[in-house]
Amino acid sequence: MDQLVFALLNGTIYGLLLFMVSAGLTLIFGMMGVLNFAHASFYMLGAYFAYTLEPLTGFWAAILLSPLLVTGIGVLVEKFILRRVHAFGHAHELLVTFGLSVVIAELIKMGYGNFPVDYRVPPELRFAAFSISGIDYPFYRLFMGAIALVMFAAIYLLLTRTRVGIVVRSAIYRPQMVEALGHNVPLVFMGVFGVGAGLAGLAGAVAGAFYTTNPNMALELGVVVFVVVVVGGLGSMGGAMLASLLIGITNSLAVGSNLRPADLFALVGQRDWAEQIGGLMTVQLSSLAATLPFLIMLIVLVVRPSGLMGEKE
Amino acid sequence: MKAKIFLVAIAVAVLVALPWLVSTPLLNAAVQMLIAALFAMAFSFLCGRAGMLSFGHAAYFGIGAFAAVHAMNAFGGAGLLPTPLLPLVGAGTGLLGGLIAGYFATKRTGVYFAMITLALAELLHALAPHLKGTFGGEAGISSFRMPAWGFTFGSVTEVYFLTLAWVLLCIGLLWLLGLTPLGRLALGLRENGHRLRFLGYNVHALSTLVFAVSAMFAGVAGALQSLNIEAANYVVLEAHVSTSVVLNSFIGGVRVFLGPAIGGAAMTFFGYITADLTRVWLLYQGIIFVLVMMFLPRGLVGELVERFSGGERRSGGTALLDGGWRLAGFAMAAAGCVFLVEFLQRFLSTGYRATATGENWPPIELMGFDWSPGSPLTWLLPAALLAAGLWLLGAANKRAAAQQEALA
Amino acid sequence: MTFSSLVRGTAASALVLMAGSAAAEPLKIALVETLSGPQASTGLLYRSAVQYEIGKLNEQGGFGGEEIVLAEYDNQGGPVGAADRVRAAIADGAQIILQGSSSAVAGQVTEDVRKHNLRNPGNEVLYVNLGAEAMELTGEKCHFYHFRVSPNAAIRVGTLVEGMREADALGERVYAMNQNYSWGVDVQENTKAAAEEMGFEVVEETLHDVNKIQDFAPYVARIQAAHADTVITGNWSNDLLLLMKAASSAGLEARFGTAFLDQPGNVGNAGAVAEGHFVSTPFNAETNPDLSGPFVEDYKAATGHYPSYVEPAAAFGIRLLGEALGQVEPTEAGVDVTALAQALETVSIETPMGELSIRPEDHQAVLPMVVQTVSRDAVYKADDTEFGFKPVKLISAEDAAAPVQDSCEMQRPG
């Protein structure tokens with residue numbers, strides 16, 4: 001029972017982290033129709049900036065300043081690169097962000113070396129929040145989860161309850177009309193892209209200390225974040241939250257189980273047959289954990305292509 | 001038209017004569033380039049012609065590669081499948097894989113299509129290590145090219161000719177396919193799928209077919225690679241194989257017929273040359289790609305074709321002069337940029353940081369000279385080169401634009 | 001030291017053609033490593049070790065009165081690039097190929113070398129495997145021209161549990177946590193195999209995806225539930241770091257026995273989390289300090305850093321190769337590779353850790369191993385932290401050796 005509680009809690013927190021990274025991505029997609037391949041790179045930049053700033057400013061200032069820097073970079077990328085490519089179509093925008101992700105990864109390697117850097121959770125935050133039957137639960141995990149929840153609430157309120165939110169949302173549907181009403185749509189786009197990048201940067205600054213900060217961290221998280229956004233429904237903030245939790249919890253439960261596909265056949269009395277087939281049938285679910293997100297994405301795309309909470313194709 | 005045929009004939013003649021023109025390592029690189037060219041062509045049949053951006057073409061390349069290795073081991077290069085015909089296995093399995101995957105993927109369009117192809121490829125890549133019998137685990141499956149038809153297939157030259165024959169055949173077939181109704185309808189898919197549907201065509205079946213054909217040629221490319229390296233490893237299913245074919249094709253230009261092939265060959269060659277020269281060649285590759293996407297959206301070949309086929313209205317002389325200025329500006333900016341990157345890379349390397357202690361900053365050797373990190377010259381020179389190059393580029397562009405306007 | 005790292009393609013092979021029979025060729029050695037891309041970090045370490053030792057050999061007069069030429073090739077991280085570069089190296093006249101990182105690449109290189117030698121009798125090339133540790137390289141895939149100078153999974157795990165038991169750190173309940181590919185499976189199998197002799201029980205074994213898991217907390221919960229005293233893991237790089245960090249933040253008491261904890265960056269990133277965990281490697285600078293000290297200081301003077309991780313084993317391997325080169329006469333083409341391979345089977349050298357040799361049955365190095373633990377008392381600190389690796393036990397080459405695998409059927413020349 002305790003195990004289950006832990007698995008659920010772990011899964012939820014991991015899901016919330018995924019949400020932190022994918023929130024910006026889904027915001028940018030919903031807004032501009034750009035699937036930003038460089039998004040996970042902003043996550044990585046956030047972690048490295050925070051690592052660089054920490055000795056100068058301390059941990060708290062670092063995780064606040066680093067997202068701001070990443071926002072700045074996001075704004076520059078939008079203004080000088082994406083805007084130029086916009087006229088050539090979505091495929092080009094997507095590809096140019098892909099090129100950027102390569103460039104960012106290589107620059108990070110050049111500046112910080114190939115190995116992980118020693119960016120760690122500060123000692124004052126390194127304590128157990130509570131413990132169940134001998135297992136401590138680190139406070140920092142709860143802290144990350146709380147930041148994600150605050151982020152979700154803030155974005156939600158900003159989009160639905162403020163004037164800025166109204167302009168942003170309407171610019172998604174009718175950019176010309178919004179422009180005709182006297183709003184600066186390019187500025188709105190730039191702002192959204194910057195904020196989206198900044199959110200990823202914040203996630204990186206916070207999570208980089210808990211996990212590891214290394215030049216491959218964008219690569220490792222990049223694809224999963226895509227999966228989250230697609231499963232949730234491109235552009236849907238609530239969907240991204242739902243999908244993040246779904247993937248986080250499935251992952252956590254799968255790791256904890258010894259189930260094999262062959263065991264499913266036991267339900268219809270065919271376990272021996274399935275075991276004879278071997279191959280995938282006898283692989284433990286726990287070793288397939290990283291595969292599950294793709295399976296989920298495939299099923300969702302085929303059954304409900306607009307995603308869990310997406311509106312239209 | 002005649003000029004085109006003439007150009008192609010010359011290109012083929014050069015390719016056939018290549019083994020007598022270049023050294024063995026370069027011939028090796030040429031085999032890789034041919035395979036990359038065919039793979040990019042296969043991808044572009046789907047992406048350029050039918051407008052479906054696939055992020056998972058490594059899957060079909062890999063399927064072809066593994067099928068060929070298994071066939072090589074099963075038949076021993078004799079009987080029904082002598083060594084030169086092995087790519088047929090790649091074609092068959094690629095087609096089959098493409099039909100199945102295409103059936104699901106082409107139910108959707110746009111970004112969703114791209115994501116399904118990505119998911120399928122990632123799924124295969126994630127499952128492959130678990131299926132040791134089929135994919136050979138981490139060490140992969142190894143094989144041996146057996147002699148057939150009087151050739152031993154032991155030398156690079158023989159492998160080169162085998163690859164060349166298959167690649168030319170496949171590119172020829174792709175060209176012919178473009179002339180058939182299927183090829184024309186694929187264009188229609190790209191331009192307006194809804195309209196095709198209204199005209200009574202079964203769009204889903206059509207896209208599945210186009211997808212499968214593309215996968216089939218990708219499978220041939222995979223099989224050729226297996227033949228070349230006599231092994232297959234599940235790393236061919238990795239995402240970077242999928243993405244590099246996208247990059248190569250777009251750098252060449254997906255919408256001109258031979259653009260992807262030239263892009264694939266050129267980038268492979270670029271990787272071959274620079275990988276041993278600099279440790280950060282991936283950075284250069286990324287920068288080149290971003291620049292091409294920003295300034296030459298039709299790709300290198302696409303842009304050239306555009307220039308030569310009537311877009312230009314000025315007299316040849318001034319255009320040439322402009323081109324010269326642009327080239328000079330570009331070369332200067334590139335030189336400045338390369339210098340800066342290489343210097344920074346050495347400056348920031350752990351080896352250098354370990355030797356530099358306190359006030360002592362030893363000079364760094366680059367391009368035959370010693371450069372001190374403390375001297376302003378070291379930083380001013382590349383910066384000046386970069387600035388001058390960019391200024392020259394800007395000036396040339398402005399002049400060209402002004403002249404165009406004056407003529408209009 | 002002059003390294004013509006840019007000796008490439010056309011120029012080099014033109015040289016080969018022109019030189020012809022005039023004078024004896026200098027011996028060419030090719031390092032086919034991953035020097036760019038995500039996995040470059042380890043490849044660059046091999047590079048510095050190889051450059052250092054070849055430089056030493058050249059200082060001592062090279063081979064046959066000429067400097068040994070070291071050419072570097074970037075395999076771009078994968079078997080495909082490696083296959084291409086091995087061919088290029090052979091075409092450039094290289095007779096010895098060095099490679100170490102990634103068993104996938106090693107699998108390709110060893111097969112390519114085997115095939116080349118089958119097709120070109122009399123013009124063989126030698127493959128010195130500096131660090132790819134998959135068992136099958138000296139098992140199913142073993143052949144006469146492949147030599148591994150590093151330990152393998154059996155040696156790593158065998159020495160690790162022995163050292164940990166001696167330090168009273170092993171406990172009775174062991175959890176095997178590994179990456180799901182040949183290396184991880186090898187470690188898991190060897191952990192189970194050692195259980196009876198070492199008196200512990202493998203309470204649970206888990207294989208997980210390689211470099212894809214971000215959150216190890218669920219795995220740690222499993223370890224906790226199994227009440228394990230010790231976790232034996234072959235994980236490396238990020239998979240190891242994340243696992244240890246997750247374990248530490250969950251307050252897990254279990255000790256870790258690892259194979260690759262000494263990878264640069266690990267201790268720096270994990271900090272106090274790594275303290276008290278174990279690793280078994282072929283070298284520790286604190287062991288036999290009068291011999292090790294000069295070596296590491298000289299290494300640092302030449303390369304800018306102390307040798308760590310894969311570097312010592314690779315360096316000693318090249319030294320062994322140099323010893324074997326001393327036993328054979330130079331020929332017109334450079335060296336008689338078959339004679340060199342035969343010499344490699346018989347020579348042995350004294351490294352600061354003890355005797356290093358290669359056994360003829362499967363060409364696996366027989367080398368001493370040092371079991372060590374992360375401690376504040378260590379003399380040589382890792383990654384500029386207050387921690388370093390403190391030796392616990394030096395296990396002699398004989399005791400460390402693992403039995404020859406039955407699957408190795410080596411075809412010997414002649």
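Cβ atoms here come from the backbone N, Cα and C positions, even for glycine.
TrEMBL lists transmembrane segment for one of the ranges B:59-79, B:227-247, namely B:59-79. Contact check: the transmembrane segment (B:148-177) against the transmembrane segment (B:198-225) gives at least three Cβ pairs closer than 8 Å, residues 6 or more apart, which meets the contact criterion. Where the transmembrane segment (B:29-47) meets the stretches B:85-104, B:111-128, B:198-225, the count of C-beta pairs under 8 angstroms peaks at B:198-225. Two recorded stretches are said to be in contact when at least 3 C-beta pairs lie under 8 angstroms, sequence spacing 6 or more; the transmembrane segment (B:85-104) and the transmembrane segment (B:198-225) meet this definition.
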